[in-house]
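Data block below; observations after.
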Amino acid sequence: MTDPFTSDGAKMPPKPFTIEAGRRQVRSFVLRQGRFTSAQQRAFDELWPRFGLEYLGTPRDLAATFGRDTHKVLEIGFGNGAALRFAAQQDPSRDYIGIEVHAPGVGRLLNALEEDGSTHVRLYHHDAVEVLEHEIADGALDEVRIYFPDPWHKKRHNKRRLIQPAFAQLLVRKLRDGGRLHAATDWADYAEQMWDVLDATPGLVNRAGPRGHVERPAWRPQTHFETRGQKLGHGVWDLVYDRDPGVGSGDA
């Protein structure tokens, strides 16, 4: 089946995950058919070769990718790209990798990166779990950021939430000793699950203490999702964890 065209003629990019025959996998996202504009199509056509990383399923040499050997920050599910763009503008000394499965957001950020003249940002349009498992080496990341992941608020859908024990263990493996994990949510129930999972994960130490959270750090701007949540009366929880150098990646 071919991908659908939007009303202005732009064609959606291929599905951002691999499909294994005979295997049904629970994913933390659903691809919703949103508006994909001609400007976003142009971004994929013209800017993807500069900023995009094609998923190959094999370990990637990030130093070669960026042309320098410095710390790497990964943002999973960057949405419209506002937080990633802000961070890259404020911190040119580190390299930034963004992962997002929804094509309109990727196209929007591609255009923004061109406008900024960014040279230290690369993007995946792919499933974050597959990227981490197959393309990111253990200990390669200085920091992982996960801002307002889908809360899957219906109880029967909780298994789709991104923050699960196996995923947390995967993050520990990919973070360098002394690295940092920063997660934010505006759903109290999801914050509770994050604490349940992350506080219990060997190799992660909650910077605010058990079941603690911090004020929004300066490196995270107030996002669209946060603003929307506050209008609905939601609180916001920023959870910051340090990668304990006393726990090896094989122990996670």
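Each Cβ is built from the backbone N, Cα and C atoms, and glycine gets one as well.
Some features that Swiss-Prot has for this protein:
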- Asp150: active site (ACT_SITE)
- Glu75, Glu100, Asp127, Asp150: S-adenosyl-L-methionine binding site (BINDING)
- Lys154, Asp186, Thr223, His224, Phe225, Glu226: substrate binding site (BINDING)
- 156-161: region 'Interaction with RNA' (REGION)
Can you give the largest Cα to Cα distance in Å, as a whole number, for the residues Glu75, Glu100, Asp127, Asp150 that bind S-adenosyl-L-methionine in the record?
14
Are there any residues at least 6 positions away along the chain from Thr223 (substrate binding site) with a Cβ closer than 8 Å to its Cβ? List them or say none.
Gly79, Ala82, Ala83, Tyr147, Phe148
Cα separation, His224 (substrate binding site) to Glu75 (S-adenosyl-L-methionine binding site) (Å, whole number):
16
Recorded positions compared (Glu75, Asp127, Asp150, Asp186, Glu226) - highest count of Cβ atoms within 10 Å:
Glu75
In the predicted model, what is the mean pLDDT computed over the region 'Interaction with RNA' (156-161)?
77
Which same-chain residues, if any, lie at least 6 apart from His224 (substrate binding site) yet have Cβ under 8 Å of it:
Gly79, Asn80, Ala82
Taking only same-chain residues 6+ apart in sequence, whose CB is under 8 Å from that of Glu100 (S-adenosyl-L-methionine binding site), what do you get?
Gly77, Phe78, Gly79, Gly81, Val106, Leu109, Leu123, Tyr124, His125
Work through the binding-site residues one by one (Asp127, Asp186, Glu226) and name whichever has its CA nearest to the CA of Asp150 (active site).
Asp186
To the nearest Å, how far is the Cα of Glu226 (substrate binding site) from the Cα of Asp127 (S-adenosyl-L-methionine binding site)?
23
Just to verify a number: CA distance, Asp186 (substrate binding site) to Asp127 (S-adenosyl-L-methionine binding site), in angstrom, no decimals.
23
